[in-house]
Amino acid sequence: MSAEHDQIRAVAWTGAGVRLLDQRRLPQEEIYWTIACVSDVAQAITKMVVRGAPAIGIAAAYGVVLAARARFSEAGSGWKQLLEADLCDLEAARPTAINLAWALARMQAIIQGLPDHRDPESALLVEARCIHEEDIAANRRMGELGTTLIEGSVGVLTHCNTGSLATGGFGTALGVIRHAYGKGRIEKVFADETRPWLQGARLTTWELLRDGIPVVLIADSVAPYLLGQGEVQWVIVGADRIAANGDTANKIGSYGLAVAARYHNVRFMVVAPTSTIDWNLSDGTRIPIEQRPPEEVLTLGGKAIATVGAEAYNPAFDVIPAHLIDAIVTERGVVRQPTHERMKALFG
């Protein structure tokens, strides 16, 4: 895969802090913030300055570095006790994305092995950078594996944003699209707008065009009609949490796409690193679903679009039943027609 289709990094460590591309401002403005305080990292996650399950985990890992730096400076050998509250704040920032808890668990393992009197920053920074670099490597591997499932030159539909903006780099579902496009396996990419935050319209179109990949934007409600027209052979999405049986939580609207894809005999691919799998959950009914503020539905661009007094229901995610998924692609391999037994067979 040539570098020309992978130019964006939404999360980076600068030494002074964690550098985040403010995804709320795209595509109108490209603004980067350097954040030096762990509470501001947690707020950036909650307010969706940074979003996408892998990117959230990476940002949180760097947030732990900032917290440890501050707590050791403040309390010396008592830094671990003060750090506990910071870790709790980070984990509570977004409840559905399991990558957040996974990254924090890795950082906590390093913390537990450090002596109280030692400055923890360098050891924690090494681990945070490993999490970041491993994510990029996993995404590139998933891009290769996902491409092997795509035959000929096809049309694909993707949902939300699952590229470099949502990860450490390259992307999950968009990583497959990037790699397959570079190999001549994809003729046309459709992206749906993804209400209410419009990640498809604002972020996916920006990212693909920035990296030289043509894209066609559709309204969310167009997707089932499009799938019935024969122009799309694969729907390719990411994931925020995958249960042990393959049930997959992803951005709201994914379940409806899976239903429409099955009805029209269009194949459905989920692309996510193994850190997204929650082996403690037997199925998707136990996945916690984040409820976002009603204002996100009742307003658009800061202006009211609904009559005063109307209420709004705003779950951020829904769950795709495993039987509607043709393949789950991870960096460790592909699970076709996922079940608990097939998931366990691949991952042991």
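Backbone N, Cα and C define each Cβ position, glycine as well.
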Swiss-Prot has R51, G52, A53, R94, N250, K251 down as binding substrate; which of Q7, Q199 does it also list for that site? Q199
Name them in sequence order: residues not among R51, G52, A53, R94, Q199, N250, K251 whose Cβ is within 8 Å of the mean position of the Cβ atoms defining the substrate site. I56, A97, C160, N161, T162, A166, G238, D240, A316, F317
Counting only residues 6+ apart in the same chain, whose Cβ is under 8 Å from the Cβ of N250 (substrate binding site)? H159, C160, V237, G238, A239, D240, V270, F317, D318, I320
What is the total of other Cβ atoms whose distance to the Cβ of K251 (substrate binding site) is within 10 Å? 25
What's the most sparsely packed of the recorded positions R51, G52, C160, counting other C-beta atoms within 10 A? R51
In the three-state DSSP scheme, Q199 (substrate binding site) belongs to helix
Tell me, by DSSP, whether A53 (substrate binding site) is helix, strand or coil? helix
What count of other C-beta atoms do you get within 10 angstroms of the C-beta of R94 (substrate binding site), across all chains shown? 23
